[in-house]
Amino acid sequence: MELTLAHWGYALVTIIVIVTMLFRRGVVLPTLIGTLLVAWIYKGSLVGALQAVFNANLVAAKELFSIFLIITFMVALLQSLKDLGADQKMISPIQKVMKNGHIAYFVLIGITFIVSLFFWPTPAVPLVCALLVPAAVRAGLPAIGAAMAVAIAGQGMALSSDYIMQIAPMLSATAAGIETAAVADKALILSLITGGTAIVMAYVMVRKTIQKPNNETVEKEINAMQGLVIDQQTANELSAAAEQFISDKEKERWSKLFAVLVPAAMLAVMIFMFSTKTSGSMGGFEGGDGAAFIGGVAIVLLALASVAFGRIHALDKISDHITEGFVFAFRAMGPVIPIAGFFFLGSGDFTASILSLGEDAAKPAFLFDLVQAVQAGIPQNAVVTAFGVLIIGIITGLDGSGFSGLPLTGALSGAMAGGAGLDPSTLAAIGQMGSIWTGGGTLIAWSSLVAVAGFCGVSVLELARKNFLPVMSGLILATILALIIW
């Protein structure tokens, strides 16, 4: 599509948003104003622009609500377990391995990477965050450090290579007109280089903030992570209410039972998903359906724990937990919706809904149209071409998907590799790194990074900022080594 004034307006607002983030300021206001201006310029109607601002937020809310929902039920489950005292018993065996925050950091990375390779991070994050992150934080690892570890290992290393399912390499290779295996092998190596660099740099960043196990600061982070930050009066009220529901003897018995039942249920989920994967009958468990499966298990466990603790009072207690879960999810993640709405405006998949366009109307993709216009000006030089494809991958990842830009980076790789004297599979793998590490995501707050931040009880914008330097350093190093090796 020919670039219009609306395209240039979108480009300007995108630059403003990125610069604002680098200055550690909120970007909700710029994205709301940007959505209004771009829609106004494109439609030529203030009324239509005002409708578009609302529609953009509505579309973003629909796309992200599944993440909000699973955060809600996981937080509600953790609160019901805390009523019984099962939360501390559940993680005590894991704490024996995570003797301190330093060990916990690397254990989190290893397990997250392995689980995410098989199931993608979407269903892996709730599993890891529910079982391992509380133990890691109790061992002294700060919550932001745990969030960085999970994001880098899962959303970054595992997803950017996608070596087991090979959906990402297939998209890149198909667009480039080459074999999937060639892209997959190189993407795996580049993902490990990028991830290894990011892991080391992130560890250096959080090393001095690691606490001694089980101190007062650690307990505050555990409570904040589980959405349990309450004042002393509220705590006393809850304690008094708890005595009315269940005796200490019964509480201890149920506490021990659920401390075993919840990890066993999550482990059974993992085994089932692994067995369906190896038998070739995955049935959608690799993505959103996997997260839905885990969410359903969490709901059942929440109901059982509420009944065990409250008996007849469970009819009210479970509602309280779910309400608190929703409040926590929206308080922590609510600002992401208008940000995502603006960047969804850059994708042709959403502009029809946002701009209220008819079925036969041309659907602009402001972000992707800009990228396609820029790629024509990239010189035919190996270094410039490689970094040009990386940058284009990063820009396409700004839509919060990570996968939607792969056909574009793949096609560019196939078209530009010959003139630059590079293997198209190398360029495709580099573009894949840029797109998925950004939108998959570790660098932007409106991606699935919101789930990691939500489960770890940290600001998603702060997490994205913390990830920026380690991940960008890893991507640059991986691109340089790709040029040297291949």
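Using the three backbone atoms N, Cα and C, a Cβ is placed for every residue, glycine included.
As written in TrEMBL, here are the features:
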type	residues	note
TRANSMEM	6-23	transmembrane segment
TRANSMEM	35-58	transmembrane segment
TRANSMEM	64-81	transmembrane segment
TRANSMEM	102-119	transmembrane segment
TRANSMEM	125-151	transmembrane segment
TRANSMEM	163-182	transmembrane segment
TRANSMEM	188-206	transmembrane segment
TRANSMEM	257-275	transmembrane segment
TRANSMEM	290-314	transmembrane segment
TRANSMEM	326-345	transmembrane segment
TRANSMEM	443-461	transmembrane segment
TRANSMEM	468-485	transmembrane segment
Can you tell me which of 6-23, 64-81, 163-182, 290-314, 443-461 gets the most C-beta pairs within less than 8 Å of the transmembrane segment (326-345)?
443-461
Of the listed stretches (6-23, 64-81, 125-151, 257-275), which one yields the highest count of Cβ-Cβ distances below 8 Å with the transmembrane segment (290-314)?
64-81
Can you work out which residues elsewhere in the same chain, 6+ from the ends of the transmembrane segment (188-206), have a Cβ less than 8 Å from its Cβ atoms?
105, 109, 113, 141-142, 144-145, 148-149, 152-153, 156-158, 160-161, 163, 429-430, 433, 437, 442, 466-467, 469-471, 473-475, 477-478, 481-482, 485
Positions on the same chain near the transmembrane segment (102-119), where near means CB under 8 A and six or more residues out:
125, 127-128, 132-133, 135-137, 139-141, 145-146, 149-150, 152-155, 157-159, 161, 163-164, 195, 199, 203, 206-207, 210, 270, 273-274, 277, 285-286, 290
At a C-beta cut-off of under 8 Å, are there same-chain residues at least 6 beyond the transmembrane segment (125-151) that contact it? List them, or none.
70, 74, 77-78, 87, 90-91, 94-95, 98-105, 107-109, 111-112, 115-116, 199, 202, 205-206, 209-215, 218, 221-222, 224-226, 262-263, 266, 269-270, 291, 294-295, 298, 442, 448-449, 451-453, 455-458, 462-463, 466-467, 470
